[in-house]
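Per Swiss-Prot, the features are as follows:
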MOD_RES   Ser391  phosphoserine
MOD_RES   Ser392  phosphoserine
MOD_RES   Ser393  phosphoserine
REPEAT    41-81  repeat 'WD 1'
REPEAT    97-137  repeat 'WD 2'
REPEAT    184-224  repeat 'WD 3'
REPEAT    243-282  repeat 'WD 4'
REPEAT    332-371  repeat 'WD 5'
Amino acid sequence: MLSFLSARQSGLEDPLRLRRAQSTRRVLGLELNKDRDVERIHGSGVNTLDIEPVEGRYMLSGGSDGVVVLYDLENASRQPHYTCKAVCSVGRSHPDVHKYSVETVQWYPHDTGMFTSSSFDKTLKVWDTNTLQAADVFNFEETVYSHHMSPAATKHCLVAVGTRGPKVQLCDLKSGSCSHILQGHRQEILAVSWSPRHDYILATASADSRVKLWDVRRASGCLLTLDQHNGKKSQAAESANTAHNGKVNGLCFTSDGLHLLTIGTDNRMRLWNSSSGDNTLVNYGKVCNDSRKGLQFAVSCGCSSEFVFVPHGSTIAVYAVHSGERLAMLKGHYKSVDCCVFQPNFQELYSGSRDCNILAWVPPSYEPVPDDDDEAPAKSQLNPAFADAWSSSDEDG
């Protein structure tokens, strides 16, 4: 650390390199924060979490009880032990509450004045954060599994929606209607994700074992169908042009948008080149996944090397994205974890589980440990680097 600081001060190193190195060190030390609680509001499992990208202060959660909760993550009390309080919630008594399980919540990427939620009640709702009223409601014929707004788009306000049907629907927030439909999958759409690098590139994952990349401006179908065999002849004809050997229920782009991570019920996670569609063949080993619906996992941002956080039963597995090495298992929940979200400003992780709890995972604090001996002289508390090195031995000798 001192060498990084010295090199930055003298102009030999890019300041960003020091920041990335420190962020990496903090992520590798993530542990359950025993001094921070998240207020328990949900009466059943927590399915989805999202932290707004503007300040990184407010977090949304959606549960199997249909409730949506907004939390303030900032420690306003300045006390070592504190609870992240729920600012407000769309509870069971709210007139616009979802009737069934909420599967996805997401903040509007550009400010905190609006957020969205989708549910098994076949609706996507757009909320005014200030009034906590539904500003718009999109109704579908099928159960909604997933939705996503582009974090990078500046020329459109499209929300991609995956339902129990095989068609991906694009809803336009400006017009308040479904603008068009993407056809190509054969079964339900379990996960959708816009590229953080390109405005119009969308990835979709389905129970038909396929992952497709789309340019939504094109009318001629998808750009790519990801093939786990990279075009080589497979042993079974039915596995041709499939990303996994089971349902694909999780998608996540890396922060730079150059790669795409997918997870399937075949207990495998794969890393793809998002430009060419090639399987990079990184081996993550067995990644347990028994979820029958979408699984929300997260990728780090701002580190020297990227990390991915994947729900793994009642734990969260931490992998190095490009090497496949499993670095840690975060243990704290009592039941299966269904979602996690990364907070890049402070390198923190939040996870939601079927045990109804939301847990905070934070880097370790490196505060000095006080000396147990109260009678020890004050100079023993000094850092040796700052101690006086003068000695009278020369005069005595």
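Glycine is treated like the rest: Cβ placed from N, Cα and C.
Where the repeat 'WD 4' (243-282) meets the stretches 97-137, 184-224, 332-371, the count of C-beta pairs under 8 angstroms peaks at 184-224. Remark: secondary structure over the repeat 'WD 1' (41-81) totals 0 helix, 17 strand, 24 coil, with classes taken from DSSP.
For the repeat 'WD 2' (97-137), the model's average pLDDT works out to 96.
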